[in-house]
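Some notes on the structure that comes next.
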Amino acid sequence: ELGIYNRGSDYDMAFTLLVPALKLHDRNQPVTLDMRHSALGHSWLSLRLFDEGTINRWRDCCTLTDHLNGTTNYFFSPTLVADWFQEAVGLVLAELQRKPQRGTPRVERVERHNTLLSMVLGVGSSRMLYDIVPVVSFKGWPAVAQSWLMENHFWDGKITEEEVISGFYLLPACSASGCRENEWRLSFARSEVQLKKCISPGLMQAYQACKAIVIKLLAQPTSISPYYLRSIMLWACDRLPASYLSQEDYAAHFMLGLIDDLQHCLVNKTCPNYFIPQCNMLEHLCDETAMFHARKLALVRSDPAEHLRSIIDQAKAANRLTQEMQRRGSSSGLLSPLTDPSSADHQQPDDRLAKKLQQLVTENPGKSISVFINPDDVTRPHFRIDD
């Protein structure tokens, strides 16, 4: 569940960071994905087979289930992990505020949205939005997606299978009918980064335009996620001839095709996950919600140029707002990221260190000049000159 932020007024650039709380990269580790209690594409994660040290370290982030034979099962809980993660980030931020250092970004906003943490950092006159998600990281490939590898795909021969199946994640997100305390969602973000290399520029351009329209028009991320559109695009790459998709001047055709495919998915309430085709990502939608969004898309389809023009105007307005805020910040003496805000003596131009070094080089020809930075006091560099 993402927060509602606007580019230009709240941030200038946006990123999503998947931060591994737990790395299970050793194939010899006894990992147990328990999918008996969850919807397709989701799983519980049992730590029962781990060593005592790991269990004791993460006990506070687990829900416990006692078996009839007297053993206890430890299920890694996404909600408890999110609680721990938010507290850990809070400690880091408190330390930064207690001991501010030159070069450290300003923390302008921190908000939690369910299991996700959103943070806006200021660096000079730029503001960056980070949606930070604590995840469980795996190497290899899950058995539930093994059959997908047996099919023919658009990326065959362009990248190796090893690149595609290098790893996957568990995200702290449950299905519509799942248990929030225990259920994680499988994510193949690492594979998607590799597959993007094989998508033609024209189709990628159409996808970005279509995504912008969907986000603006269907502004209910809990109902219609842009991720559905990404899956539709990947399925289109498998279905359509490569010679057609490589036509760079067909971007408009591709955009209309993506809108048609999404509308078809909504009308039928069927959108298969690209990596787990048997998982229908729209199964949870009620008929009324699905038809409501399908009718909205029909309006886009009747006049796509007008909706695209509206999106472009919105992007231009956001850029103007960003530039205006940056100009206002510069004229009001906004500190640069290299400036120490705790000392008025250090509010000189950013190039003063370079000028100082140039002066030292000029005054000491043929000598060695070392710059030592004390990690406990980064407010000033220390110079040493010797032969």
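Just so it is clear, glycine is given a Cβ too, placed from its N, Cα and C backbone atoms.
For 329-342, the entry in TrEMBL reads compositional bias 'Low complexity'.
Positions annotated as domain 'Mab-21-like nucleotidyltransferase' by TrEMBL: 57-195.
Marked as domain 'Mab-21-like HhH/H2TH-like' by TrEMBL: 222-297.
Residues or ranges marked as region 'Disordered' in TrEMBL: 323-350.
Taken residue by residue, the domain 'Mab-21-like HhH/H2TH-like' (222-297) breaks down under DSSP into 50 helix, 2 strand, 24 coil.
In this model, the domain 'Mab-21-like nucleotidyltransferase' (57-195) carries an average pLDDT of 91.
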